[in-house]
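Participant: Okay, here's the structure, questions in a sec.
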Amino acid sequence: MPLPSALWWLEESGPARWRDLELSRLRLDQAYVRVYNEAEGDPLWLYSLSEDCHECPFRRQADVSGLGPGGGPHVLTVDTARAATWRVLDNGDNATIPRDAARWESACEVPAALGEFGVYDLHVNGTDCTLHTALKPANIYFPLASVAVALLFLAVLHGAVSLLASCFGRRQRRRREAKRQAASSAPRREVEHLHHGLQDYKVQMNGRKLLDADSPSASPSPSSSIAASPAAPTPARRRVRSVDVVRGISIVLMMFVNHGAGGYWFLGHATWDGIYVGDLVFPWFLWVMGVCIPLSVRPQLARGASRCRLLLSVIRRSLVLFALGVALTSLSTRRLESLRVMGVLQRLGVAYLVAASLAVLLTPRRWGAAAVDADKGRSPGMFADVVALLPQWVVVLALAAAHVVAQLILDVPGCPRGYMGPGGMHMDGAHANCTGGFAGYVDKLVLGVEHLYPTPGSHAVYGSGPFDPEGLLGCLTSVLQVFLGVQAGSALVTFPSWRSRVVRWFAWAVILAVAGVCGWYFGGIPINKSLWTVPFVLLTSSLALVLLCVCYLLVDVWRCWTGSPFLYPGMNALVMYCGHQLCYQLFPFHWQLGPMNTHLMVLLENVWGTLLWIIVAVLLYRRKVFVSV
């Protein structure tokens, strides 16, 4: 019996047992397929090709010759996360079959887009294959929509409560201020009365007629009393909260993706080429780190800070980030002969070292002074932020060009020139040991295979072996990613008008998006996070600029959103990242209940762990605890 319609969001398919099939044994993104061989005497083998494996061969899955165990159909458990193409062959000698293999040896071919917890019947009759749905699968998107609506409701409720609390707080403050003014007015009147009496007494004693103390010309005017009081201090520059909000969005998404992203493939990382949701968080974090560089460096240069001192601070911070990254990678293994050298924090440290050093050494002091004094009457030129960074642009573009030349032109032993594929089964296994092209070759040559990431995402699909998505060559384009953030941050310190900033950010977003698409479509350079290609950098930076524009308008300009709850993790991003890495297997951040074989349960666990870290960030913010390096 199916579940009541009111429980559709539970992602259940019905009874635990259906027609001698134990549905409770199915895991996440799995289904049963019953294969009926109509010609029972003919040998048949089932081969499959996932849509996620580009230019791959068909792989042998099972022998479906004759009748299955017990005289019935062959019952197979198949993965349903991605669609596939099935090919039934009468010859199963080879583990793989090229995609363009001669069709005479194929009995039939059928597309297979299956659903979780479904039961399907595959009937094979010579050269004819038919696939039918015997039991309707569960809808895995209902839980995602339900949790999203619940989180949106909580966000609206939090906003409404905050608004009411703010209004009530303002009323209370006004009442307290009125009481203080009323309480202080009586002593002031008594002092004025005594003062006036003393003046009259002096007039009588001197025998001279003075100007009456109650006349307007002699009484202290409000303006004179204000002038006599100490000058009000000039308000300090207001912190651009939207930068912290963007950083907070990046770290929250990063924690959610690292926790599992509910088991949804499109919320995770792309296997090789392409951009999914999980591929945005790390480049956004790099980019927003670049935004903060001119906010720190330029005012210090304008105040005459020593470049040598600033450079030493940059080096110290980079070394600390790199050391923290190596320490976190030791969570998987403590053996030095197989310790992974590169990683997320290591890439952050290297990219920050180069980009921040360029800012310290090549930023003119006069531009820093002009930026600081922009609100005192100076009018920066239309391209002042770009002109100030021209020397840095030259260096960064040279690094990006070196990355492109290395990937497209330099030779790799045993691999075709310009190859940037995942290796393994890609292109029918013709370049199995060429994963990543020149990027993979450099990492193996310099770091050694044993110090690379042993199980990247490409390994599960292509069988490509160890490869480091945060390798050495990608550091060149990561510097470009950080520097594009530096360019966005320069608009904040150069132009005082919010309109000028937003217009520039949107213009840069369009320029970078067009350049990225052209580099992919006309230049033949893939959009690839594992290789950190230039089109990938340009497109992710473009999206980051759009996100900054939206947050800046909502938080800093219109002030209709405080940035909560993302503001708090953004103020302690390093604690969030290191903490969720260290507590990956610890309760209450992670738990298991039952088989955990539905997206709903995995999603609830992942959201729970992410929300707990947001609560930790709020507590740190309330106690004014901010950790940085």
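Cβ coordinates come from backbone N, Cα and C, glycine included.
Heads up, here are the entries from TrEMBL:
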TRANSMEM  140-169  transmembrane segment
REGION    212-233  region 'Disordered'
COMPBIAS  215-233  compositional bias 'Low complexity'
DOMAIN    239-359  domain 'Heparan-alpha-glucosaminide N-acetyltransferase catalytic'
TRANSMEM  245-268  transmembrane segment
TRANSMEM  280-298  transmembrane segment
TRANSMEM  310-332  transmembrane segment
TRANSMEM  344-362  transmembrane segment
TRANSMEM  383-410  transmembrane segment
TRANSMEM  471-493  transmembrane segment
TRANSMEM  505-522  transmembrane segment
TRANSMEM  534-555  transmembrane segment
TRANSMEM  567-587  transmembrane segment
TRANSMEM  599-621  transmembrane segment
Participant: Based on DSSP, tally up the residues of the domain 'Heparan-alpha-glucosaminide N-acetyltransferase catalytic' (239-359) by helix, strand and coil.
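Facilitator: Secondary-structure composition of the domain 'Heparan-alpha-glucosaminide N-acetyltransferase catalytic' (239-359): 92 helix, 1 strand, 28 coil.
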Participant: Given a Cβ distance threshold of under 8 angstroms, which distant residues of the chain, six or more beyond its ends, lie next to the transmembrane segment (567-587)?
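Facilitator: Hits for the transmembrane segment (567-587): 241, 243-252, 254-255, 258-259, 285, 324, 328, 331, 344-345, 609, 613-614, 616-618, 620-621, 625-629.
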Participant: Below 8 angstroms Cβ to Cβ, which residues of this chain, lying six or more residues outside the transmembrane segment (383-410), approach it?
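Facilitator: The answer is 354-355, 358-359, 362-364, 367, 370, 417-418, 420, 437-439, 442, 473-474, 476-477, 479-480, 483, 486-487, 490-491, 494-495, 504, 525, 531-534, 537.
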Participant: So what's near the transmembrane segment (505-522) in sequence-distant terms, Cβ-Cβ under 8 Å and 6+ beyond its ends?
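Facilitator: For the transmembrane segment (505-522), the nonlocal Cβ contacts are 484, 487-488, 491, 534-539, 541-543, 545-546, 548-549, 552.
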Participant: Residue list, the transmembrane segment (599-621) vs rest of chain: Cβ under 8 Å, 6 or more residues beyond ends.
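Facilitator: For the transmembrane segment (599-621), the list is 9-11, 28, 116, 140, 143-144, 146-147, 151, 248, 252, 255-256, 259-264, 565, 567-569, 571-572, 575-576, 579-580, 588-593, 627.
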